[in-house]
Amino acid sequence: MTDINIKRLNASQSDFDSALEKLLAWDDSVDHQVNESVRHILHQVKTRGDAAVLEFTEKFDRLKVGSVAELEMGQDRLQKALETIPRDQRVTLEKAAERVRDYHERQNQTSWQYEDEDGTVLGQKVTPLDRAGLYVPGGKAAYPSSVLMNAIPAKVAGVGEVIMVVPTPDGVVNDMVLAAAAIAGVDRVFCVGGAQAVGALAYGTETIPAVDKIVGPGNIFVATAKREVFGTVGIDMIAGPSEILVICDGKTDPDWIAMDLFSQAEHDEQAQSILISPDAAFLDAVQASINKLLPTMERAGIIATSMADRAALIHVADLSEAAQVSNRIAPEHLELSVEDPESLVEEIRHAGAIFMGRYTAEALGDYCAGPNHVLPTSGTARFSSPLGVYDFQKRSSIIGFSAAGADRMGRVASVLARGEGLTAHARSAEYRIKGRSD
Ligand SMILES: NC(=O)c1ccc[n+]([C@@H]2O[C@H](COP(=O)([O-])OP(=O)(O)OC[C@H]3O[C@@H](n4cnc5c(N)ncnc54)[C@H](O)[C@@H]3O)[C@@H](O)[C@H]2O)c1
Ligand SMILES: N[C@H](CO)Cc1c[nH]c[nH+]1
Ligand SMILES: [Zn+2]
């Protein structure tokens, strides 16, 4: 296997800003093609329902069946998978599920209210979604861990019905995925993926029920489809191809860092792995580790493409500058592989998840630390948070005026409404002012 030369950037270069922008950007022409194709798929699913789902499943996942009902895995099938997977897989899935549940239970929001001195009651009522759709990726790898990460917060939130979709390319069903669905208590599972699965959940088909919100990560087709259907349904965030950014002081074993970069690169050719360090010799050492370790990787092809196209080794003056560059990137995963992560984290403002210190491999967060691994990508950590229980709950305001409160605030509303020229608003409030009946 030939060596790959990872892009080298230096934050002190005059063209650093444009080089960084180019590194983070998608190729416009690819973007355009993906948008076109996703819009076509969504339109077909919206207008032709099951028939379109069957057609696209055959085209993209090479799976031909006679009806969408055949793509549903019933509860008995999920239970069978749980009972037949190897014991160590069942035990570790259950262990991971327990830690994920424990973490997410702390996110549960509760309703609250308070009372004014005149007896007026104000509050916030928290309710779970009636029906949520979980996208579990499955094109290039199967993700039992993503089943747990999507479904457990939904269940903790109290969602009425949880519908999961997952592609099964060539009809190969992953029993660990089904077992994870059984452990997490998923209500229905359909073996459908890509934009067609997102469309089916958003618009509903004869067989797949429409949901209120679609959550979960996926490739560029899935992320683009979620963006398109937002408004018809809620979405959690844009969780696209995986990303890792490592800030290292140069004192971690370079093999560890190379493997951490590989760990996200192996997800997808479009995944992005970036290392930032003030130690130029360390960047060289990691480059050497990359070329040494790459031939030992099972997914060397995907890693090589991802690293050649989208990875970078960035030299900075010091760790503060590393934090500034990282804040501009707003990565999905940020490893602080430094002596004193506690002080460096003070300077971090935007990241989906922050992994503190040399021993905290991002991979532990992917499986069993407890926090969610569905995280905002492509810089959206500037305004989005990890998937959580709060994504499956919504809030309603509660407003209950006493007669005294209606009198007091009716006078305020009346003046404001008349100022806006909205007489019906004003009179509706005025009817409730004491002694006023006109
Ligand atoms: N952010 C997170 O939390 C997280 C977690 C796990 C995985 N991931 C990411 O999820 C992604 C998973 O991608 P994947 O491909 O393995 O599975 P996927 O399920 O996201 O995508 C597979 C589907 O893509 C569709 N597709 C493939 N090629 C297509 C084409 N040319 N036109 C239209 N549709 C097409 C097919 O319908 C197929 O079913 C990776 O990028 C990985 O990095 C992210
Ligand atoms: N790193 C992925 C999120 O970007 C999650 C995952 C699942 N399995 C392995 N990794
Ligand atoms: Zn991962």
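From the backbone N, Cα and C atoms, a Cβ is placed for every residue, glycine too.
Site annotation (TrEMBL): substrate is bound by Gln264, His267, His333, Asp366, Glu420, His425, and the candidate from Ser242, Ser384, Ser385, Ser402 recorded at this site is Ser242. Residues Tyr135, Gln196, Asn219 make up the record's NAD(+) site, and a Cβ search at 8 Å around their centroid adds Pro137, Gly139, Val165, Pro167, Gly193, Gly194, Ala195, Ala197, Val198, Gly218, Phe221, Val222, Ala225 from the same chain. Taking Tyr135, Gln196, Asp366 as the candidate binding-site residues, the subset whose CB lies under 6 angstroms from any atom of ligand 2 consists of Asp366. Within the same chain, residues at least 6 positions away in sequence whose Cβ sits under 8 Å from that of Ser242 (substrate binding site) are Pro217, Gln264, His267, Asp268, Ala271, Gln272, Glu332, His333, Thr377.
Among the binding-site residues Asn219, Ser242, Gln264, His267, Asp366, His425, the residues whose Cβ sits under 6 Å from any atom of ligand 1 are Asn219, Ser242, His267.
DSSP assigns Ser242 (substrate binding site) to coil in the three-state reduction, placing it in neither a helix nor a strand.
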